[in-house]
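J.: Have a look at this one before I ask anything.
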Amino acid sequence: IDTDQPLEPPSEFIIKVQDINDNPPQFVEGPYRASVPEMSQVGTSVTRVTATDADDPVYGNSAKLVYSILEGQPYFSIDPNTAIIKIALHGMDREMREEYLVVIQAKDMGGHMGGLSGTTTVTVTLTDVNDNPPKFSKSLYEFVIPEDLGIGKQGGKVKANDRDIGDNAKSTYNIIDGDEKDIFEITTDAQTQEGILQLKKPLDFETKKSYTLKVEAANIRFDPNNGGPFKDTATVKIAVEDSDEPPVFSKPTFVLQVDENAPINKVIGTVTARDPDVTGSLVRYFIDRHTDLERQFNINVDDGEITLAKPLDRETDLWHNITVTATEISRAIVAIRVLDINDNAPEFATEYEAFLCENGKPGQVIQTVSAVDKDDPIQGHYFEYRLIPEMLNNPNFTIKNNGDNSISVLAKHDTFRRQKQEMYFLPIIVTDNGNPPMSSTNTLTIRVCGCSREGIVQSCNVEAYVLPIGLSMGALIAILACIVLLLVIVVLFVTLRRHKNKPLIIKDDEDVRENIIRYDDEGGGEEDTEAFDIATLQNPDGINGYLPRKDIKPDLQFMPRQSGGPNGVDVDEFINVRLHEADNDPTAPPYDSIQIYGYEGRGSIAGSLSSLETASSDSDQNYDYLREWGPRFRRLGELYSVGESDKET
């Protein structure tokens, strides 16, 4: 009975999956970047890397990792268990190499064979420490400073270079010797790290012409543990340049006295001034007339002597205050430049004459044209080219701007002929960019010439017109040379033909041979009527089935036919008669050509190969031996064998 009740109570099974080493270690946080100060001691910690393994860390060594360095030795090392990367080489200098790439490997199974591995990269950057002192690029600097340089103005620059970077490379400059009078000072440019030499007091060339200073550059920051001193010195020599100083009066103010009744031109007093420059130029004196509007006094320009020009009245003016100017006598060259205006029109750079080939192609560049202008504008020249209005629809030529103040003249078609027109004139307007713009019309002469296939001009002469079909002199000479060569070939051919037709053996009365036969030539057939020799048809009849050779004397004489010469006889009738006789004579070869092929040389093993002679015979000859002669006669043997089999059938 089906009661749907369980036969036994349910059972519980616990299945434990045992891990195997099927997961390699992985660096989840890689690749890494780390930094460490340069010149760090061996063993200094750089960074730590961490790899994870998805296998069971409890069962076996599947998740037991061991770290090692694949790349980066001998600079760095790594602890195989903690994965801490450390400095392994002493004296690692950032100035020599700043960045290192280290490849770290993590391998499970405790690093034993068969374990899986994973890798990551660590980019280690060496940070800068102040381990380099500043260094002047040269030990001696020389400057020339004019004596009239203003206070606080720059007189020169010095610079000390530091291989460090950032604050470790910053320096300060000081004058440590040679400036006893405290005339100079030196400051530091924060941007360029240069020492700027400036004036604190004015210079005087006549007092002192040169100075020698000792300048020191020292780092602002330095670590005593890194050694020292972090400073450098250089010598600065300064030459004072003499400037053209104005004359100097002996006194800033002169007080003179004169009686009011003094006569005209009386000398009142003298003022003196000198030129402080080394040259000691002469001094000239003048009264500033703005201070002596009534022109009461005069002064000698050479010695500064002041005289009375008009009578004085003390009751009117008790004091007269005038200003005297002293100047040097000096000379200067004054150059006056005449400025340019646009008063010249541009024109062609040269008198162009272009040549156009008759066999040229459309769009071919005939001539490149440029222009010149006698003016000299500040912004430079720019020329505009155009055809005159009457030539805008010119069917023969056009122009193209090259973008460099030049144009190219192009042909529009290829049908130019000297017989039609020898020369063309193309007017071109050239305009400049001046204000106002100037322009001129220039004419380009274009000659039509005969050229070679390569486009080389051969002839542009007028005499070339009379040559046949417009050929140039070179082409005509080539044609004449070809004609002469052909005539020589024809003469040689005729000579050889005549020599060939002459018999090589002298005929006698019994010799029926008339020609020397060439057996290596194939007959021309019925269409070969050239050089047909009627005497060839006058061949003696063959008897007893024997065909005589024409190149040997026959053993048997044959009965001659009734021969009739062509003299006085119709040639057509004569040929028809001979043709009828030849067709009815089984022993006669088919004389349908000037050549005769019906003979086989005597002594031949094969005998005669002619099928014409044996076509009507009842010979039982077997032609199987032809197949044994080789592939050249195999086909011939098959033909004769087929003929024999057909005859038997």
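Numbering starts at 1 and runs along the chain as it is shown here.
Note that Cβ sites are derived from N, Cα and C of the backbone, with glycine treated the same way.
Because TrEMBL annotations are produced automatically, they should be read as predictions rather than curated entries.
Sharing the record's features from TrEMBL:
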type	residues	note
DOMAIN	28-136	domain 'Cadherin'
DOMAIN	137-249	domain 'Cadherin'
DOMAIN	250-348	domain 'Cadherin'
DOMAIN	348-470	domain 'Cadherin'
TRANSMEM	465-494	transmembrane segment
J.: What is the three-state DSSP composition of the domain 'Cadherin' (250-348), stated as helix, strand and coil residue counts?
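T.: Per DSSP, the residues of the domain 'Cadherin' (250-348) fall into 0 helix, 25 strand, 74 coil.
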J.: Would you mind splitting the domain 'Cadherin' (28-136) into helix, strand and coil residue counts from DSSP?
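T.: For the domain 'Cadherin' (28-136), the helix, strand and coil counts are 3 helix, 46 strand, 60 coil.
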J.: Report the mean pLDDT of the predicted model across the domain 'Cadherin' (137-249), rounded to a whole number.
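T.: In the predicted model, the domain 'Cadherin' (137-249) has a mean pLDDT of 87.
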J.: What are the helix, strand and coil residue counts for the domain 'Cadherin' (137-249) according to DSSP?
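T.: Helix/strand/coil tally for the domain 'Cadherin' (137-249): 7 helix, 56 strand, 50 coil.
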